[in-house]
Amino acid sequence: MSNEPPPPYPGGPTAPLLEEKSGAPHTPGRTSPAVMQPPPGMPLPSADIAPPPYEPPGHPVPQPGFVPPHMNADGTYMPAGFYPPPGPHPPMGYYPPGPYPPGSYPGPGGHTATVLVPSGAATTVTVLQGEIFEGAPVQTVCPHCQQAITTKISYEIGLMNFVLGFFCCFMGCDLGCCLIPCLINDFKDVTHTCPSCKAYICTYKRLC
């Protein structure tokens, strides 16, 4: 046999590396990153151009003449669910001054009471709170002398006495029995007068 070394192998160390011919070798399971290339004719973006800074979303710009439901008139915002406290209310029984017609004032419960102003006493106003005059004395204010009084009552023969008298005659009561209803005060009309000035106030009629 010859002692000469064998010829070099074509794929041996003297052959150019595969990476120099076609780049890095392909590794299974690994993909090279894709590079976005601009279309032909469009210049590349400059590296100095940065995206616009991020701005947090602010309040929408209202249209002229529109006030959002949570915005005050001066442009400040109120938190949701906030309601202004109610204004002061007048105490119970207080009636604010107003243009009421002469001769009447608002009474309790929304009723209108009658005002009696005697001649010569323009500075004194008497309000009668709708007293009910019946067959018993009533505490009231005299519209004539302007004093707090209890009325004085007197009985007078009225329509009910005559009706009951004719009814007795129809039933056959004679010899003066038909006059018995005229003697009973519970069937007579009641007249209320002032015990101080003796002035007439009201008459309660049993039968109108």
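Each Cβ is built from the backbone N, Cα and C atoms, and glycine gets one as well.
What you see is a predicted model, and the numbers here were worked out from it, not measured in a lab.
According to Swiss-Prot, the feature Zn(2+) binding site maps to Cys142, Cys145, Cys194, Cys197. Around the Cβ of Cys145 (Zn(2+) binding site), a 10 Å sphere holds 14 further Cβ atoms from the protein chains shown.
Positions annotated as compositional bias 'Pro residues' by Swiss-Prot: 1-13 (among others).
According to Swiss-Prot, the compositional bias 'Pro residues' annotation covers 50-67 (among others).
Mean pLDDT for the domain 'LITAF' (122-206) in the predicted structure: 85. Residues or ranges marked as domain 'LITAF' in Swiss-Prot (evidence: sequence analysis): 122-206.
Taken from Swiss-Prot, the feature region 'Disordered' covers 1-70.
Taken from Swiss-Prot, the feature region 'Membrane-binding amphipathic helix' covers 164-184, and the record attributes it to a curator's inference. Among residues of the same chain six or more beyond the region 'Membrane-binding amphipathic helix' (164-184), those with a C-beta under 8 A of the stretch's C-beta atoms are 157.
In sequence order, Pro143, His144, Gln146, Gln147, Ile149, Pro195, Ser196, Lys198, Ala199 are the residues of the same chain, not among Cys142, Cys145, Cys194, Cys197, whose CB sits within 8 A of the CB centroid for the Zn(2+) site. Per-site Cβ counts within 10 Å over the binding-site residues Cys142, Cys197 peak at Cys142. DSSP assigns Cys145 (Zn(2+) binding site) to coil in the three-state reduction, outside any helix or strand. Note: Cys194 (Zn(2+) binding site) has non-local neighbours Cys142, His144, Cys145, Gln147, Ile149, Thr151, Lys152, Ile201, i.e. same-chain residues 6+ apart with C-beta under 8 A of its own C-beta.
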